[in-house]
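Inspection log for the structure reproduced underneath, given as structure tokens.
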Amino acid sequence: MAEQQLGVLKALDVAKTQLYHFTAIVIAGMGFFTDAYDLFCVSLVTKLLGRLYYFNPLSEKPGSLPPHVAAAVNGVALCGTLAGQVFFGWLGDKLGRKKVYGITLIMMILCSVASGLSFGNKAKGVMTTLCFFRFWLGFGIGGDYPLSATIMSEYANKKTRGAFIAAVFAMQGIGILAGGFVALAVSSIFDKKFPAPTYAVDRALSTPPQADYIWRIIVMFGALPAALTYYWRMKMPETARYTALVAKNIKQATQDMSKVLQVELEMEERADDIVQDPRLNYGLFSKEFLRRHGLPLLGCTSTWFLLDIAFYSQNLFQKDIFSAIGWIPKAATMNAVHEVFKIARAQTLIALCSTVPGYWFTVAFIDIIGRFAIQLMGFFMMTVFMFAIAFPYDHWIKPDNRIGFVVMYSLTFFFANFGPNATTFIVPAEIFPARLRSTCHGISAATGKAGAIVGAFGFLYAAQPQDKTKTDAGYPPGIGVKNSLIMLGVINFVGMLFTFLVPEPKGKSLEELSGETEVEK
């Protein structure tokens with residue numbers, strides 16, 4: 001086999017880290033900031049929505065969303081994301097990364113704003129329109145996954161590529177934090193301006209009518225950072241790998257990258273032969289693809305699927321876990337605005353202490369210890385901590401041991417992000433050929449989202465207590481939190497086994513990894 005790589009791609013591979021790398025991180029990362037903000041901010045306001053639209057003056061407890069509504073509000077965005085990942089992933093390989101990138105951003109901005117403008121003042125109207133716009137918001141967010149990862153991996157040099165893609169992904173952590181801070185700020189302002197008694201004191205007045213603006217402001221704020229980066233997204237040139245290897249316009253790719261790298265690049269003599277080689281133009285459903293990339297694709301999809309079951313069931317049910325261990329007081333002892341504040345405070349603390357550091361640990365170490373080691377270690381530690389929480393679960397619920405419980409819970413999150421949550425996003429953007437890269441990343445991400453849907457919905461029902469009298473209104477009895485956690489531990493262990501199918505891309509060029517430079521002598 002003779003290895004031949006285009007000069008323009010070689011130049012990108014060996015380029016020193018410079019300003020355009022960081023510009024690309026910010027531009028691609030802002031999409032992720034919005035993604036995380038939009039997907040997670042809804043968990044901050046679901047309790048408030050329940051109080052506002054499902055208030056029952058005769059009930060001892062404040063109103064809460066009925067199970068099917070709670071599932072819809074949490075789940076439609078995930079379903080939209082799954083569809084968007086497959087569709088825009090495929091489109092990104094057909095039309096080019098840059099064109100599709102603009103479309104997804106506009107969708108995210110418009111639907112973010114629209115989901116805060118839900119129509120009517122009756123529960124049905126508000127929930128229906130909220131779910132409708134959140135589905136399409138998710139659809140736009142879905143497109144951002146394959147495109148951000150692919151653009152970053154195609155722009156990066158091979159020495160620090162892992163860290164750059166990880167940095168884009170780490171913006172998720174900052175988005176989750178921002179969601180918490182915005183909710184804290186908004187609820188504090190409303191609390192000062194419109195003081196209200198607790199639910200136990202006065203059921204009707206505990207939710208001031210102005211509280212309806214709180215969730216709308218929180219939900220709509222996600223559009224702002226995305227809107228700010230639109231101009232820069234449109235100015236970014238198409239990636240050289242797409243232009244050269246997929247659109248087969250090597251001259252254009254060379255010109256674009258001469259501008260970006262600020263050096264004169266020469267066009268090679270035999271460049272066209274490399275790109276036109278018919279043996280390298282196999283499709284996604286061909287035997288050749290199966291032979292070369294079948295097992296790695298199975299590795300990427302299965303690990304992402306298993307990770308997201310665990311990751312999303314934890315993340316969406318943080319507030320339930322906090323209530324269970326007494327971090328958030330009983331709902332009747334707070335008014336609506338205080339409740340938003342307390343939930344946001346708890347989530348922000350967890351994010352600050354475990355979620356965000358985990359992401360940046362990955363950025364720091366991924367090009368030193370490699371993707372494989374981080375993913376294997378992450379799954380292993382998640383398994384250990386899940387079991388450590390689950391088996392002595394009755395011990396952890398006692399008031400004296402709460403701090404220990406929160407520490408263990410935070411560590412599980414830390415090793416999800418310094419572990420498979422980051423690596424499952426990075427590897428699919430590196431190991432597939434350029435003309436299928438965005439599609440394969442989209443397929444992997446969508447299987448991940450399928451896992452998230454299983455995690456989010458399965459655990460809404462599974463975590464309900466086995467005792468009929470203690471379940472949340474409208475839910476059948478489940479297997480309880482303890483057994484749910486044991487199941488998650490097992491899922492993480494299986495994820496560890498599937499990690500062995502994933503190759504290690506550290507320090508290799510994208511063309512070497514995907515076999516695109518191999519032309520028979």
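Positions of Cβ are set from backbone N, Cα and C atoms, glycine also.
Curation plays no part in TrEMBL annotations; they are all automatic predictions.
Annotated features in TrEMBL:
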DOMAIN    24-507  domain 'Major facilitator superfamily (MFS) profile'
TRANSMEM  20-45  transmembrane segment
TRANSMEM  65-88  transmembrane segment
TRANSMEM  100-119  transmembrane segment
TRANSMEM  163-190  transmembrane segment
TRANSMEM  213-232  transmembrane segment
TRANSMEM  348-366  transmembrane segment
TRANSMEM  372-391  transmembrane segment
TRANSMEM  403-422  transmembrane segment
TRANSMEM  442-463  transmembrane segment
TRANSMEM  484-502  transmembrane segment
Residue numbers, six or more beyond the limits of the transmembrane segment (213-232), whose CB comes under 8 Å of its CB atoms: 23, 26-27, 30-31, 33-34, 37-38, 41-42, 44-45, 48-49, 52, 102, 105-106, 108-110, 112-113, 115-118, 178-179, 182-183, 186-187, 190, 337, 340
Stretch contact, the transmembrane segment (20-45) with the transmembrane segment (403-422), Cβ-Cβ under 8 Å, 3+ pairs: no
In contact by Cβ distance (the transmembrane segment (442-463), the transmembrane segment (65-88); 3 or more pairs under 8 Å): yes
Other parts of the chain folded back onto the transmembrane segment (348-366), taken as Cβ under 8 Å at six or more residues beyond its ends: 162-163, 166-167, 169-170, 172-174, 176-177, 180-181, 184, 318, 374, 406, 409-411, 413-419, 421-423, 426, 506
